[in-house]
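These features come from Swiss-Prot:
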type     : residues                                                                                        : note
ACT_SITE : His351                                                                                          : active site, proton acceptor
BINDING  : 6-9, Lys20, Gln68, 73-74, 95-97, Gly134, Glu147, Asn162, Asn216, Arg321, Lys339, Tyr354, Asn365 : UDP-N-acetyl-alpha-D-glucosamine binding site
BINDING  : Asp97, Asn216                                                                                   : Mg(2+) binding site
BINDING  : Ala368, Asn374, Tyr375, Ser393, Ala411, Arg428                                                  : acetyl-CoA binding site
REGION   : 1-218                                                                                           : region 'Pyrophosphorylase'
REGION   : 219-239                                                                                         : region 'Linker'
REGION   : 240-452                                                                                         : region 'N-acetyltransferase'
Amino acid sequence: MKVLILAAGLGKRMKSKYPKVVHKILGKPMINWVVDLGKAFGEVGVVVGHKADIVKSYLPEDVKTYLQEPQLGTGHAVMCARDFISENEDLLVLYGDVPLLSKETINKLKKEHEEQKNQVTVLTFVTDNPAGYGRIIRENGKVRIVEDKDATEEEKKIKEVNSGIYIFSGKFVLENLDKLSNNNAQGEYYLTDLVGMAERSSTVILEDIVEVSGVNDRIQLAQLETIAKQRILEKLMLSGVTIVDPNSTFIGPDVEIGMDTIIYPFTIIEGYTKIGEDCEVGPYSHIVDSNIGNEVKVIRSEVEKSVIENKVSVGPFSRLREGTVLKEKVKIGNFVETKKTTVGKNSKAQHLTYLGDATIGEDVNVGAGTITCNYDGYKKYPTYIGDGAFIGSNSSLVAPVNIGKGAITGAGSVITEDVPNDALALGRARQIIKEGWAKKKREELKNADHKE
């Protein structure tokens with residue numbers, strides 16, 4: 001089956017300079033929710049129009065795009081993607097601003113379509129307030145759709161309405177697409193007219209109409225985010241994850257969390273993040289696109305595009321940036337920042353430290369205030385710290401530099417040269433003591449004050 005997503009609309013009511021379909025729900029653009037759904041069923045194509053280049057920038061490379069310019073209705077959108085349609089495959093039509101449709105619903109639609117050997121199968125729903133929706137009319141075993149403005153008084157009483165989601169026979173679409181007419185008040189080509197041409201058609205009635213709820217403004221965007229968040233959190237809790245306060249916790253649709261992990265309030269977990277079992281995350285933590293092992297603590301910290309192995313402690317107030325890898329039992333503490341850095345097993349940097357472009361061995365102690373000076377204004381340089389090294393507090397390691405295994409740097413040192421294994425490196429001025437100098441200085445200052 002091929003999947004065609006219609007995403008060319010302007011979205012005026014969003015009041016935005018960005019296309020409607022790139023606005024996010026739980027950190028993920030709506031169009032990507034729909035693309036991921038579509039990929040579960042086959043090759044995906046997207047019809048773009050308004051600010052097409054922006055929409056394209058959000059799409060995976062393997063998704064084909066088709067330009068609809070100008071936008072002359074849903075039927076016209078499918079016409080613009082004629083080259084995508086195959087007469088040997090069915091065509092599922094979805095919408096870029098309908099993000100909560102489920103695989104289960106599409107499977108039901110697909111099953112009905114295949115079992116009945118339909119030319120078109122329509123996803124419908126029943127509502128007590130059908131105003132504005134196309135009504136479903138059944139005649140002689142066929143289905144047609146009457147738009148609200150064209151419905152008779154009797155037809156307006158019908159409560160089963162069109163969701164806009166269809167599966168077509170590709171052959172049927174190619175044979176009948178050119179028969180669509182724009183002879184209507186809007187001067188547009190409607191996909192609903194194609195439904196009426198089918199000799200073999202039926203419907204699947206959707207029970208949960210939230211699945212086909214679209215987004216037209218930011219109020220509806222917020223409403224769908226609330227619903228999506230609730231469903232994701234409930235699924236996690238039913239799988240063995242403790243969410244202390246669901247109202248203040250935000251977890252994206254592509255996040256995986258293991259059982260017996262506890263998520264504390266005011267935590268945001270987004271992107272393709274995987275968290276293992278028996279972890280504690282939060283409060284006030286933000287994790288994006290990261291892989292976290294078992295028995296890990298992330299407290300009041302930021303983690304982005306990082307890998308954290310088992311039994312690691314992060315925070316409070318740590319920032320792990322892209323390319324960070326923390327091996328087992330590492331401790332990263334207060335106000336420590338890392339980027340493109342690997343920290344070996346059992347090593348720790350617990351206070352006021354920056355580690356960038358660094359490779360740190362096992363059992364290393366990085367003292368408070370340590371900085372890897374990795375940038376000269378033009379280029380980044382690496383720092384290597386061997387197993388068992390001890391980096392004294394307030395050390396500045398000027399890269400490129402290699403600290404050997406078991407080496408020690410004295411507190412307050414500026415290290416500009418490689419340090420051999422098991423050596424002590426001191427890069428600071430020698431301390432000078434002048435006996436009685438402070439007392440003498442105070443007396444001088446006191447006498448000067450009296451003279452004034």
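Glycine too: its Cβ is placed from the backbone N, Cα and C atoms.
Features per Swiss-Prot, on structure.
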{"residue": "Leu6", "record": "UDP-N-acetyl-alpha-D-glucosamine binding site", "DSSP class": "strand"}
{"residue": "Gly73", "record": "UDP-N-acetyl-alpha-D-glucosamine binding site", "DSSP class": "coil"}
{"residue": "Gly96", "record": "UDP-N-acetyl-alpha-D-glucosamine binding site", "DSSP class": "coil"}
{"residue": "Glu147", "record": "UDP-N-acetyl-alpha-D-glucosamine binding site", "DSSP class": "coil"}
{"residue": "Arg321", "record": "UDP-N-acetyl-alpha-D-glucosamine binding site", "DSSP class": "coil"}
{"residue": "His351", "record": "active site, proton acceptor", "DSSP class": "strand"}
{"residue": "Asn365", "record": "UDP-N-acetyl-alpha-D-glucosamine binding site", "DSSP class": "strand"}
{"residue": "Asn374", "record": "acetyl-CoA binding site", "DSSP class": "coil"}
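Broken down by DSSP into helix, strand and coil, the region 'Linker' (219-239) contains 20 helix, 0 strand, 1 coil. Among residues of the same chain six or more beyond the region 'Linker' (219-239), those with a C-beta under 8 A of the stretch's C-beta atoms are 14, 23, 25-26, 99-100, 210, 213, 246, 249-253, 255, 257, 259.
Residue environment of Glu147 (UDP-N-acetyl-alpha-D-glucosamine binding site) contains 16 other Cβ atoms, counted within 10 Å of its Cβ in all protein chains. Note: the CA-CA distance between Asn374 (acetyl-CoA binding site) and Asp97 (Mg(2+) binding site) rounds to 45 Å.
Long-range C-beta contacts of Gly9 (UDP-N-acetyl-alpha-D-glucosamine binding site), restricted to its own chain and to partners at least six residues apart, with a cutoff below 8 Å, comprise Pro19, Lys20, Val21, Gly49, His50, Gln71, Gly96, Asp97. Of all the Cβ atoms in the protein chains shown, 14 others lie within 10 Å of the Cβ of Arg428 (acetyl-CoA binding site). A 10 Å cutoff on Cβ-Cβ distances gives Leu6 (UDP-N-acetyl-alpha-D-glucosamine binding site) a total of 27 other Cβ atoms nearby, all chains included.
Reported as a whole number, the C-alpha separation between Ala411 (acetyl-CoA binding site) and Glu147 (UDP-N-acetyl-alpha-D-glucosamine binding site) equals 78 Å.
The two recorded residues, Ser393 (acetyl-CoA binding site) and the residue listed as 'active site, proton acceptor', show a Cα separation of 9 Å. A Cα-Cα distance of 20 Å separates Arg428 (acetyl-CoA binding site) from Asn365 (UDP-N-acetyl-alpha-D-glucosamine binding site). The two recorded residues, Tyr375 (acetyl-CoA binding site) and Gly73 (UDP-N-acetyl-alpha-D-glucosamine binding site), have Cα atoms 54 Å apart. When pLDDT is averaged over the region 'Linker' (219-239), the result is 98. The distance from the Cα of Ala368 (acetyl-CoA binding site) to the Cα of His351 (active site, proton acceptor) comes to 5 Å.
Here the C-alpha separation of Asn216 (Mg(2+) binding site) and Gly73 (UDP-N-acetyl-alpha-D-glucosamine binding site) works out to 16 Å.
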